[in-house]
There are 2 protein chains.
Amino acid sequence: MSTKITNKEQVEAFLESYDTFLFDCDGVLWSGTHLLPHVVETIELLRSRGKRLIFVTNNSTKSRKAYTGKFAKFGITVSENEIFGSAYSSAVYLSKVLNFPKDKKVLVVGEKGIEEELESVGINYIGGTDPAYNVEATDASLASLARDESIGAVLCGLDLHLNYYKISKALLQIQDPNCHFLATNIDSTFPSAGRLLPGAGTIVGTLITSSGRTPVALGKPSDEMMNCVKEAYHLDPSKTCMVGDRLNTDMKFGEKGGLGTFMVLTGVDKEETILGTNPLVTPKFYADRLGLLYELLQNN
Amino acid sequence: MSTKITNKEQVEAFLESYDTFLFDCDGVLWSGTHLLPHVVETIELLRSRGKRLIFVTNNSTKSRKAYTGKFAKFGITVSENEIFGSAYSSAVYLSKVLNFPKDKKVLVVGEKGIEEELESVGINYIGGTDPAYNVEATDASLASLARDESIGAVLCGLDLHLNYYKISKALLQIQDPNCHFLATNIDSTFPSAGRLLPGAGTIVGTLITSSGRTPVALGKPSDEMMNCVKEAYHLDPSKTCMVGDRLNTDMKFGEKGGLGTFMVLTGVDKEETILGTNPLVTPKFYADRLGLLYELLQNN
């Protein structure tokens, strides 16, 4: 049974329960290019109470550093180490879990965010935004493709510069079972200006379909991402709450990780979904919007 | 139990049983750019016995007309109406089964073969090889995307010029349940120069993943393609044999359609697959290669 937060006492009790808050961003803090009401004030409130904040995003197109710029545009001040993106989580996984060899390279199907995070942990890569991979698929260019033994992993995320040549190259690599196959995340869509556009899962799906392999996914709601977050911040799950707008990613991610869960209704899922029969996950708390935490405390 | 054809008497009995032969092409007649032995002689043999020949291909990148050129390069003479490709099958389905309205357009994600076959049945289309759709996905180009109510169907096949913009456009259209969603075929890979490259199913898969919808597939082994072939040639299934190299497409296609089945071992599947426990389909006949029909009849 979820508790809907509608009064000041409930806010106080909720804030008492946790010392760390993990935030999903889009649909919670902002919706597309539009800041949601009283988000800045709520973040300040949490900071003033000494809470630790971590912003978790499946968006792999931006590095943590670049993502601070996005927060700044909305008037929210965050530091790079308060951000945990799926590109960074992938870099951490390669570096810490796989001990990815220094003499091997990662073939990137994705954007600059992935490249920058691989650089931040000292992992070699090819592909990505390199113009040499943004070529037309012709009989000649496809004929020239050959498996490169120096590639030890394919890492795939959202790639707005997707092309057939790049996918073919990545497929040839992962046809070798010794080549790791990783996905920053597998969201099928993402919201953009009120529409749903193809997400990273769509791009990763091309490689799943053609190879028959399943990648290790490093975004929400994967256990691997949760392990990376816990490791990086030494979290106490019982004192940590996941805040998000989607049952099947954010809330599932929090629940599987043993965290508290708080869902806001400003994004994908609606109240009916929580209250319906057999919801995928039952969030511990929910509210109409994040800003309500601030608003309710203003009332006397 | 499959009959392996290894002698002259078996060839005669096999030829007696059927008056029409449906052929898969790659792996049966040729392998990539390499003509298989005694294929030309076997085709001549069948013609001299008055057999009707139909060449069925899931390759949607070429129209029937363009495909005759491919046969000619191998020294095989076929007429356009002996070829039945998945692009044509899709055009027939739109025209005959859906009675696709004259005032609506099909959005094509695919190559010239699809465009030419739609033209051949008088169906309007946009997308495809039009340079206006081969644009970079940028914030501006994606923001300009809007659902076009004049598009009544999305038809997706192998597209070597796949890009994120085109996929986003197609996704916005099929998010409307009233828009038909068709695939020329859903092969996950296709053989090219000894390697497996991403097939039409990989491209179609981007739309399946992002939309959650399942397309009507018009290639082998779909019932829709079989119905189109039967309709177009007025086939008597009991006197027709499907010849192919794959259990999961060709042989399944023939069996489901109530046709005889003949598998050759010059392509994807091997003898072990037929003889193994629980094969997907048991072909009625099989042989090491198609040319053996001719070769065995030369022996006295």
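The backbone N, Cα and C atoms fix where each Cβ goes, glycine too.
Summarising the annotation, TrEMBL assigns Mg(2+) binding site to B:Asp24, B:Asp26, B:Asp245. Around the Cβ of B:Asp26 (Mg(2+) binding site), a 10 Å sphere holds 21 further Cβ atoms from the protein chains shown.
Non-local contacts of B:Asp24 (Mg(2+) binding site) by the CB criterion (under 8 A, 6+ apart in sequence, same chain) comprise B:Val56, B:Thr57, B:Lys220, B:Met242, B:Val243, B:Gly244, B:Asp245, B:Arg246, B:Thr249, B:Asp250, B:Gly267. Under the heading active site, nucleophile, TrEMBL lists B:Asp24.
Taken from TrEMBL, the feature active site, proton donor covers B:Asp26.
Summarising the annotation, TrEMBL assigns substrate binding site to B:Lys220.
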Among B:Lys220, B:Asp245, which are binding-site residues, the residue with the most C-beta atoms within 10 angstroms of its C-beta: B:Lys220
B:Asp26 (Mg(2+) binding site): secondary structure state under DSSP, collapsed to three categories: strand
